[in-house]
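Reading through the structure tokens given below for one structure.
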Amino acid sequence: IFIFIQDFSKAMSQAGSSQFQEVIRQELEYSMKVELDKILATAHSNEIEHTKKDLEGFKKLFHRFLQEKGPSVDWGKIQRPPEDSIQPYEKIKARGLPDNIASVLNKLVVVKLNGGLGTSMGCKGPKSLIGVRNENTFLDLTVQQIEHLNKSYNTDVPLVLMNSFNTDDDTKKILQKYSHSRVKIYTFNQSRYPRINKETLLPIAKDVSYSGENTECWYPPGHGDIYASFYNSGLLDNLIAEGKEYIFVSNIDNLGATVDLYILNHLMNPPNGKRCEFVMEVTDKTRADVKGGTLTQYENKLRLVEIAQVPKAHVDEFKSVSKFKIFNTNNLWIALSAIKRLQEKNAIDMEIIVNPKTLDGGLNVIQLETAVGAAIKSFENSLGINVPRSRFLPVKTTSDLLLVMSNLYSLNAGSLTMSEKREFPTVPLVKLGSSFTKVQDYLRRFESIPDMLELDHLTVSGDVTFGKNVSLKGTVIIIANHGDRIDIPAGALLENKIVSGNLRILDH
């Protein structure tokens, strides 16, 4: 009897606990609704419809956030993907191209994720407007690539930019310069969601404005928002009406993400007659990519698993290059009709990413986000294609910028290709210290970009400057201690060298 009473009281307390949690959840949702209604009431008549859609989308995300607890994957259910679910690029390429490649290209739309600012590289405004190569910005190179396609094949591939409220105005101003180029350019805005106080779980915004001191109150909710905002903008329907069938989506700062005709042909003319609704380009992991999301088999579906979803006890296993050999490049090919179907059924399922931030005043907030690739499990007949590393060339830091500005790459019609003069196809590992973080400082420290054709590894730390026509080969480590300065002289050749201490411009 005693044991029975113990079990009964335990069951009651558990039931009480879950009931209690449910009450708290309902209270939080009600409080959130009240606050969002107050914010909506401050909108001008021309903003109401748009703001309402944003806040409705946020409410759904917040509801799911309150429901979900702990890591969103059951580690025991993760399996390696079946052999045929990730195809080698060589196999796709070996099929060749059809004679009517123009008719295939005319079904394509290129979409670039253009919501990010250049703040991590010390720049104001959209990241896509940072100069990358020969005064060309990320956006210039993208337009040049598509214009080259349209001229070469006499096609009409449009460019669509998904902007955020942070990048929209500046981007639209700059688009005028492409008015005579042979590329139709469209834009749509991703949603604008309120940041929430980590303690109270309520919005920190008091009204709908997002300028001045209110800029920190709002955020764009990650690129997973593309499905809803593309659909809501009306552009998705317009493109379907024009006969477009697939979008190729990539980050605007990935300079390797050019239109690949072989992948497009594989989508439009599948060998088994069954079209893929979603293709994710993956590539082999190196030690630098251990945190990248990977494709797994989960409950009989291909699924993208990100490091944030992994239970703490399995993080090292997740990072293992031997077990999880590939990672997501975020180059995605998606059927427009499938986006429309799933969006209308509210059937796109993406895990919530909880992104904690500390604002300038010290306030801790969280933003709820989703990732575009996480939707792969919602689409039919999904496929991974293991592409060469050259299709993943992101520029996230000035270390990356140094690589793409150097003679390692040649530029042709907006596309970067690795120089044939480099003996190894791998990219050198470059680590520039904090003195180089901002683009302005970085540019000031190089009189010209060094010759890096034979470089394997470069580490630079402290107050270091480079003269003109410097050559770097093998492994080069340059460390200026605190208070010291190192000037690498013009014309210097550094091969397998460690330079430290305090080196002025001297012969060496």
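Glycine residues also receive a Cβ, built from the backbone N, Cα and C atoms like all the rest.
The shown structure was predicted, so the numbers you read here are calculated from the model rather than taken from an experiment.
Annotated in TrEMBL:
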type: BINDING; residues: LYS127, GLN190, GLY222, ASP253, LYS396; note: UTP binding site
type: BINDING; residues: HIS223; note: substrate binding site
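Features per TrEMBL, on structure.
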residue : record                 : CB count, 10 Å
LYS127  : UTP binding site       : 24
GLN190  : UTP binding site       : 28
GLY222  : UTP binding site       : 23
HIS223  : substrate binding site : 23
ASP253  : UTP binding site       : 22
LYS396  : UTP binding site       : 14
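Considering only the residues assigned to UTP binding, LYS127, GLN190, GLY222, ASP253, LYS396, the longest pairwise Cα distance works out to 21 Å.
For the pair formed by LYS396 (UTP binding site) and the residue listed as 'substrate binding site', distance between Cα atoms is given as 16 Å, rounded to the nearest Å. Cα to Cα, ASP253 (UTP binding site) and HIS223 (substrate binding site) are separated by 14 Å.
Each residue contributes its Cα atom, and for GLN190 (UTP binding site) and HIS223 (substrate binding site) these two points are 8 Å apart.
With respect to their backbone Cα atoms, the residue listed as 'substrate binding site' and LYS127 (UTP binding site) stand 15 Å from each other.
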